[in-house]
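Annotated features, as they stand in TrEMBL:
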- 122-142: region 'Disordered' (REGION)
- 124-135: compositional bias 'Basic and acidic residues' (COMPBIAS)
- 528-564: domain 'SWIM-type' (DOMAIN)
Amino acid sequence: EIIQVKNGETSTPKKKVTQLKAPYSGMVFDTMEEARNYYEEYGRQEGFWIRTRSSSKTRRRLDEVTSRQFVCAHEGKYVPKNTSQKASEENDEKNIMKCGCKASMRIKLDRWSNKWKVSSFQDSHNHKPVTPERRMKMKSNRVMPKAAKILTETFHEENLPIAKVPSIFGGPHIGFNNRDCYNHLRNVRHRQLDGGDAQSVLTYFRKKQAENPQFFYAIQCDENGRAANFFWVDARSRMAYNYFGDVVTFDTTYRTNKYDMPFAQFTGVNHHLQSIQFGCALLQDETEVTFLWLFETWLEAMGGRHPVSIITDQDLAMKGAIAKIFPNTRHRLCLWHIKKKFAEKLSHVYFKKSKFKIQMKKCIRSTYKIEEFEEKWKELMKECELANDDWLNSLYDIRSSWVPVYNRGIFFAGMNTTGRSEGINSFFDGFVTPTTNLREFVVKYEQALKRIMDRESDEDFESEHKYRIVNEGEFLLKHAAKFYTRNVFNKFKDEWSKVTLYKVEEIPCDDEYHAYLVKTKLGEHEEFVVKLNLQTYKGMCECQNFEFVGILCRHLLKVFVRLDIDTLPDHFILPRWRQEANKFRIMDFKSLVTNDGKEESDTTTK
């Protein structure tokens, strides 16, 4: 028996908020502080924050200010303090606020009325305004009221978690969060609803579904009618799957709860290279039957869309269920779990700095052709007299399911392990304990999910409102900085920084492509063939970095430099890595909004 929620939509009526008028020349304020507060509040409303640029004082009294200019925080240009700093920043990624914005307000003291008047006002910005849902992150909004501090101190004195204090004061619409105070969870932590733990979970799920029909849950009962398996996924995670659901890791190793139930989670990676959730389950067991129910239910929640690839540990029941439910999905085994067994099975040859360990690592990680891997493996087995080792032979038989070279032609966002799932496991440790009951677990999962969403929002803010420093002549890097998120740009920049280590020469090619041989200049010899159509700029490299990671490799970039190609072709820019890849979001878990809550009038940058 499966109890579940289908798709639905809700909307929340918007409250009317009094809008401040834009300052204007001649506008009067009683005090200088009142004028600053007005402009600062106006900035909060419009999505920018301000700072004091300059002040003028009288000659007779140096402490008497007669005029003051307030500017947008993006005003001015970034200038390194010295030559050494400039040289350092050419190699290090750095975010800056200043982009030459001209928006400002100047006020002057009118001696006749002893009031302050606006003498000039410029309201034209050359950057994106901060959208409503992120305005609490602006520096002008970063303030923790006295009442919040008192409450935080009281919670601390009583040994109560305190990071929920911000939600008491208004959640995301205030100027402080759990970085300013620890964690306030529930003061009724151990209280259970009548009807038992499982019933309380069902009640909680129904409540979440009533708040937002896009919340999906399913409960499977055993032959005695008792709840056995619980699956749930919030509305925002379902929406995120539409954009980032091409690669998924699945893990069931986490068991931190009162009943020692396996916690199964579907984890992905967003446009900031951060781990995100696509739903989870608490399971009675880890049999193929249970996994079949879970995968079928999860697929239904995700609208029937299969992932391109999935990574799991080496579990036969899991493997069988995946083959039946996701027949066209590329299933890989976690490389870390397999490598971990080397030390257990081959302790006599696989130990720190041993020759076998070093060579095996190179064989697995540094081969880019299947023939090359198989040749090196066989040579290593012969050299170390391991050709008859049963465990190694069984591992070699399933090599296509775990060795990177067999999977580099498939998109995995650069992942070889379930490390993202396990990273989320350790993240959850801050929210749950071995005594956590079922209802507490699902509530705390929601709190942890909110933290994950906040981190994504923080990175959205960093990527969209701070700028990367790029040398004038680095045209491809400058082009990449315009659309990649900060973290993806850094990965691209890593590839770009290696371009000068290679040389390139054109070689004969029979088809419509031109072929180039890209070779290292120094160090260990490497060479890769790059093919490129000079009409469409479509191409590929033998290393298959773009296919596997979704970011151009140093070899293709080297060819672009040789051909004076100064911008990245669109087909080499994956939409999932762009700054606005998550432009559709769930706001407050209640209504679907576009462009992070911007009003229609906000869509044009001032």
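Glycine residues also receive a Cβ, built from the backbone N, Cα and C atoms like all the rest.
Worth saying up front: this structure is predicted, and the values here are computed from it rather than measured.
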- request: Please indicate, using numbers and ranges, the residues of the same chain that are 6 or more beyond the domain 'SWIM-type' (528-564) and have a C-beta under 8 Å from a C-beta there.
  value: 368-369, 404, 407-414, 476, 488, 491-492, 495-496, 498-499, 501-502, 504, 507, 509, 512-518, 571-572, 574, 576-577
DSSP helix/strand/coil residue counts for the domain 'SWIM-type' (528-564): 14 helix, 8 strand, 15 coil
Message: Looking at the domain 'SWIM-type' (528-564) alone, can you tell me the average pLDDT?
response: 95
